[in-house]
């Protein structure tokens, strides 16, 4: 808490120096302003400088991010102002996190400016003027078309719209006054902008659409697809969805998602990658999916189109055993990861029940035509054979109905590659020595 206060004070000091340097060259009309001075310039006694040096640090920070300095300089140059400053808690702890994120997005800069300008009245109204005015008055703000309703209750409490004034005359200067209020005032136009950010596509349930029938040889439409029930599986095999055909136009997106993106695959993939990072011990796997390859994007697209995936995720200890030669070949990281992706939705329970019932089960992978074999071993599920095997180590790390992540303690390779690698090791260890011949030099080779 103390560190945050020091940081806020330091940033305000720098910002105040910048504001004073810009104020020093701004000439203001001397008429119609209280405390304008003969020089007609804003000095350190300005209400804007007082705001930046005050304990309303959250409001001062928003003014800086909204790029309103020039606008407020011009406003103070024309007339006195009254600022209704929400307390820091109202802008930090009490404010909805989504609404705050909306205001701080660069594309919503206009909404943030409108919100802040609606807290400023282009006239000075201190406590005395408040009492002298009528019990209920309306005043226009610097935000065009927006007016604030100032009221005075019988108990003497002041209110601005629906916010109570908790610190009247918190800061008073010749060119303005600041009143502390308990909550943020949100104009209806800003509230509408916030509500309209969510389209019907993202907040309503969209009826899934079935995939059109496609000729797998040409990847062209054969005829309109018959009506399908919502949530039905995709019509095309997942391998056709991974690689579009040779036709000029790629095959249409299969699955119940259709053009409405019923399944948000990108968010689901991000969610399971974050789960891997928070779970611990699977950072290398997440790094390969996001940085070393583009598999995260491809997985998100497949899930959005209605497909399901089971990820066999090797832990960091297993990934550390990979050699440079295994990862340096072009496309090697992708091929390794494809062999760990099963185009089915499997959990620990479903896989264990399958191997208990059938003994050995082969699952298709995204690395055609290879399959990964699973069998029961030591009360768990064992994938692969021989030296290239791995056990189900951390079951059900992530399961959301579309993506299932199962942690394993080894990196899997197709059986053919395991045999080839073992042969290479044996062959590289052998030495070929020619027999010495009389009158001819003998040579020794090592492969």
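Numbers here mean position along the shown chain, with the first residue as 1.
Each Cβ is built from the backbone N, Cα and C atoms, and glycine gets one as well.
Model, not experiment: these values are computed from the prediction.
Positions annotated as transmembrane segment by TrEMBL: 6-28.
Residues or ranges marked as domain 'FAS1' by TrEMBL: 43-185 (among others).
What TrEMBL records for 208-262 is region 'Disordered'.
Sequence annotations record features per position, and here TrEMBL assigns compositional bias 'Pro residues' to 247-257.
Per TrEMBL, domain 'FAS1' is recorded for 269-397 (among others). DSSP places the residues of the domain 'FAS1' (269-397) in helix, strand and coil in these numbers: 61 helix, 32 strand, 36 coil.
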Open item on the list: Quick check on the domain 'FAS1' (43-185): DSSP residue counts for helix, strand, coil, in that order please.
Closed with: 57 helix, 39 strand, 47 coil
Open item on the list: Give the mean pLDDT for the domain 'FAS1' (43-185) on the 0 to 100 scale.
Closed with: 86
